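Engineer: What follows is a structure written as structure tokens; I'll ask about it next.
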There are 2 protein chains.
Amino acid sequence: MSEYEHTCMIRGDGGRAIRTILDRICNKWTLLIVATLDQGSLRFTDLHQQTPGISQRMLTLTLRNLERDGLVSRTVHAEVPPRVEYALTSTGKSLIAPALALAGWAIEHVSDIEASREAYQTRH
Amino acid sequence: MSEYEHTCMIRGDGGRAIRTILDRICNKWTLLIVATLDQGSLRFTDLHQQTPGISQRMLTLTLRNLERDGLVSRTVHAEVPPRVEYALTSTGKSLIAPALALAGWAIEHVSDIEASREAYQTRH
DNA sequence: CAGCATCCGGAGCGATACTG
DNA sequence: CAGTATCGCTCCGGATGCTG
């Protein structure tokens, strides 16, 4: 089987499956949060501190979406002050591998891409 | 080396490298166009017909961005009527592999994610 | 054939202030 | 500590119409 026949996985149903996950991970913070939680369970404030630049609002929204999709578990401990632990589910952990594949590609080609952008800039 | 230490590839520079590529592929059409071009060189109209639902405007914008980033080449043939061929560059082709990894994950887990969404819905 | 110009609605995201 | 509420900006993307 030739290489391009595999790409039916992407085009498959008009891209519905790949869209579902892209809509989840392609926002500004999701992959960063998932990668951070790969260390293990963390509290809201820990995540906030380990994610430079994120607002409380966006951290909350990102975690809610991940919880809703079953990629992150949210555990509330009945204590005062409250303690909430976030952790990757098994589904969430399984996302790490393909995410790393993409990150590897990004690191390998980011300089080429940026060079191409500058060259394009000067041509137009 | 434990698994989670690899995730520095994602968190690395605060996520700049991964952001560069996510900003490119995470829009609605880019991955679909790249997967379609994996068949080989195609004209504007061919791409338009093989990508159900896309508008001329979005096809143009998507192709311009891919060309700008050096993932797609654009060849204008001096004929009447005009003929323009789009093809993946070697950099563009190298994106197929990690994209397939992500698509595979998406296909494998899309039903779990949708089930989790419905369960979350009924809980809230 | 292969596009560009224009208008417009909605979503993403940041800043800020408030709370059980 | 772990959020919620509100405001406002920007950009994506769809619809439509025009052109070398």
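Cβ from N, Cα, C; glycine included.
Source: prediction; values computed, not measured.
According to TrEMBL, the protein has these features:
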- B:8-114: domain 'HTH hxlR-type' (DOMAIN)
Engineer: Can you tell me how the residues of the domain 'HTH hxlR-type' (B:8-114) break down into helix, strand and coil by DSSP?
Structural biologist: 67 helix, 14 strand, 26 coil
Engineer: Looking at the domain 'HTH hxlR-type' (B:8-114) alone, can you tell me the average pLDDT?
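Structural biologist: When the pLDDT values over the domain 'HTH hxlR-type' (B:8-114) are averaged, the result is 94.
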